[in-house]
Amino acid sequence: MATKKSEHKTIKIFDTTLRDGEQSPGASMTISEKLRIASQLVKLKVDVIEAGFPIASEGDFEAVKKIAQTIKGPEIAGLCRSSFKDIDRAWEALQYAGDRGRIHTFIATSDIHMKYKLKMSPKEVLESAVKAVKRAKSYTPNVEFSCEDAVRTEIKFLAEIVGAVIDAGATVVNIPDTVGYTIPFEYFNIIKYLKDNVANVENATISVHCHNDLGLSVANSIAAVQAGAGQVECTINGIGERAGNCSLEEFVMAIKTRPDILPFKTNVASEHLTPASRLLTTVTGIVVQPNKAIVGANAFAHEAGIHQHGMLMDKTTYEIMTPESVGLKSSSLVLGKHSGRHAFKKRLEELGYDLDDEKLNQAFERFKALADLKKEVFDEDLDALVADEIMRAHEVYKLSHITVTCGSFAVATATVQMEIEGNPVRTAELGDGPVDATLKAIKKLTKTKAKLQQYNVGSITGGTDAQGEVNVRLAEGSRTVIGKGSSTDIIEASAKAYIDALNKLHFKVERPMESL
Ligand code: KIV
Ligand code: ZN
């Protein structure tokens, strides 16, 4: 018999976009970018924000500390291995969140990881886990422990370690599918086994953390809550290590859309999902595939005539949730060249941007310039505009002008003028087409050794006056970054994307540790 909605169990949403999500290639974020994402996560009303991995780098430490100091509402977690040094460093950053600060410590428990990675016996791993939890407990009552690679861990050992860390004081115990290997019924059985066989299991919340290597992370997370898990770890747009993590928006909307068979709820304010997804894309440059569930450009688009006919009769024919419920507003003309500052500010606020006066003025000037070039300014244009012109945190390199000559009978030539740390510099280069010539000129001016790994060009909105959007991926040593640029001129968009990536590379702190 279906339970009443009021009796549905609340599943805690633990967002790890800023930690596991940031481990996606090219997704590293500056502190100010992390703060913007964290503020959006507050609007979403997630229960926990995992802000980073404090010992991994100075940048990570500062980001976790800043988020702990400034973000109000959700609990703030920081990841650490089970060594005391890691745990102490994590609390140093997290302490500012007071009783909302959560130490998240972990050690691998599968035979494969213990033997090849840790070179430790199960007994040593168990002891290390218990000591880690006790150390964390000396700082805060709020301690989460994760059994890395839990799904490939011998089940009796898994139950033993879960019981031991709960005895040591862990209030949340996470059972990750680190390598995205499990399938729903198997994962259900693992969680159920722990629920049925660990004597003190009710003293802690069982959490799940699913990677998406087989495309099953959301399905596995749903199976886990059906078996009794009370927390789901996930990321916006499903970003994360390799194929990513359980997508927050997909899990939340599955729970919200099927209360008839899933007796659960979350605290998430789903109308903030689309702005959150867009903001993350803007910040990282990692685009969402058009057919991605919930937040893809086509998720609510109806193309086939028969579908459109049904939709006109009654939207429920082809829509299982409303676009409004995920914060999607129709992307019709929102602003044009006659729009005032007030309307512009209001629209930006609706899109999730809260700019101070100075940044707003700069953005408004850019908007006016864009509105002169384009008849219609869409929400997506505004996203790109804010990202491009306002969110550049630390610009060492700035583009001043480009002049290009090209054509079927001419060798493409680009003359580029830039500022490097405030000093004007200029050069010209020939190239295999205007983009090649422009990037060569920038390369020469900046003396960069970075390798261009990827160059993608697309249009943000329709029409020949659409803004072109360019994404580039640059690599230097172990560092990779994604740069984004947009303009109605595709050459300028390319130059901006390249320079954006160079600025990011310049500021990216080398991570001293291998990512997890
Ligand atoms: O995937 C994983 O196992 C992790 C843990 C550290 C929680 O990210
Ligand atoms: Zn993970």
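Every residue, even glycine, has its Cβ placed from backbone N, Cα and C.
Record check, TrEMBL: Mn(2+) site residues include D20, H209, H211, and the candidate from N142, N245, N267 also listed there is N245.
For ligand 1, the nearby binding-site residues are D20, H209; that is, of D20, H209, N245, these have a C-beta under 6 Å from one of its atoms. For the binding-site residues listed here (H209, H211), the lowest count of other CB atoms within 10 A around the CB belongs to H211. In this view, the densest Cβ surroundings among the binding-site residues D20, N245 belong to N245, judged by other Cβ atoms lying within 10 Å.
Assigned with DSSP, the residues of the region 'Regulatory domain' (398-516) fall into helix, strand and coil as follows: 31 helix, 53 strand, 35 coil.
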